[in-house]
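Here the structure is laid out as structure tokens; the discussion comes afterwards.
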Amino acid sequence: MAEDTETRPASAGAEEREEGEIADDGDGSAAAAAGRVSAHPLENAWTFWFDNPQGKSRAVAWGSTIHPIHTFSTVEDFWSLYNNIHHPSKLNVGADFHCFKDKIEPKWEDPICANGGKWTISCGKGKSDTFWLHTLLALIGEQFDFGDEICGAVVSVRKNQERVAIWTKNAANETAQISIGKQWKEFLDYKDSIGFVVHEDAKRSDKGAKNRYTV
């Protein structure tokens with residue numbers, strides 16, 4: 001009841017939290033309760049990851065510089081995070097943002113990603129912001145008919161171009177992959193052809209793997 005919430009004391013451990021530690025919002029405070037009532041839950045929880053290998057030795061193993069930023073599960077949490085991090089056009093060359101379903105790591109070695117592949121869209125420098133945002137909204141809003149096949153999305157900033165990619169689970173499921181590719185182009189109003197590369201093919205090829213599917 002409201003009376004109980006208002007009279008409940010603040011968390012006893014507030015003074016004991018280490019610097020930088022996020023307070024637990026489950027303490028029953030009126031503000032937290034109000035936030036939970038008004039929040040709009042997403043069908044899946046998602047985690048933002050950041051990879052900035054700049055300044056790292058080339059000998060560092062691929063994927064070792066990727067680290068999670070924050071996991072969100074409501075519309076409000078998404079916008080709070082998105083509005084407080086750099087957009088892709090502001091990132092250093094070589095950096096990547098990843099947004100993957102919670103518990104899935106944005107790595108080929110992750111068991112859920114291992115048999116999958118990715119659709120990729122390339123664009124000019126500074127042009128990826130809109131594509132990235134619209135891709136995120138389509139993902140967290142569950143706009144894809146084969147949404148269960150999707151692992152997450154990546155935006156990559158490189159010297160001469162920027163790329164946005166959608167990673168999927170099962171490259172052999174041609175029906176699902178073609179549907180995802182076509183719908184993604186529709187959501188972004190993207191007119192050029194895009195290709196789907198299987199992760200296993202990419203790992204075996206030093207010069208770039210051929211597209212398994214094209215839409």
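Backbone N, Cα and C atoms are what each Cβ position is placed from, and that goes for glycine too.
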Item to check | Among CYS113, CYS123, cysteine joined to CYS151 by disulfide in Swiss-Prot | outcome: CYS113
Checklist entry - Going along the chain, which residues at least six beyond the ends of the region 'EIF4G-binding' (134-143) come within the CB cut-off of under 8 Å? => result 42-44, 46, 75, 78, 82, 99, 150, 152-153, 164, 166, 183-184, 187-188
Item to check | Three-class DSSP secondary structure - LYS90 (mRNA binding site) | outcome: helix
Item to check | Between LYS90 (mRNA binding site) and CYS151 (disulfide bond), the C-alpha gap once rounded to whole angstrom | outcome: 25
Next on the checklist: On the three-state reduction of DSSP, what should I expect for LYS203 (mRNA binding site)?
Outcome noted: helix
Checklist entry - Under the DSSP assignment, what numbers of helix, strand and coil residues are found in the region 'EIF4G-binding' (134-143)? => result 7 helix, 0 strand, 3 coil
Checklist outcome for this item: For LYS203 (mRNA binding site) and CYS113 (disulfide bond), the CA-to-CA distance in whole Å is 13
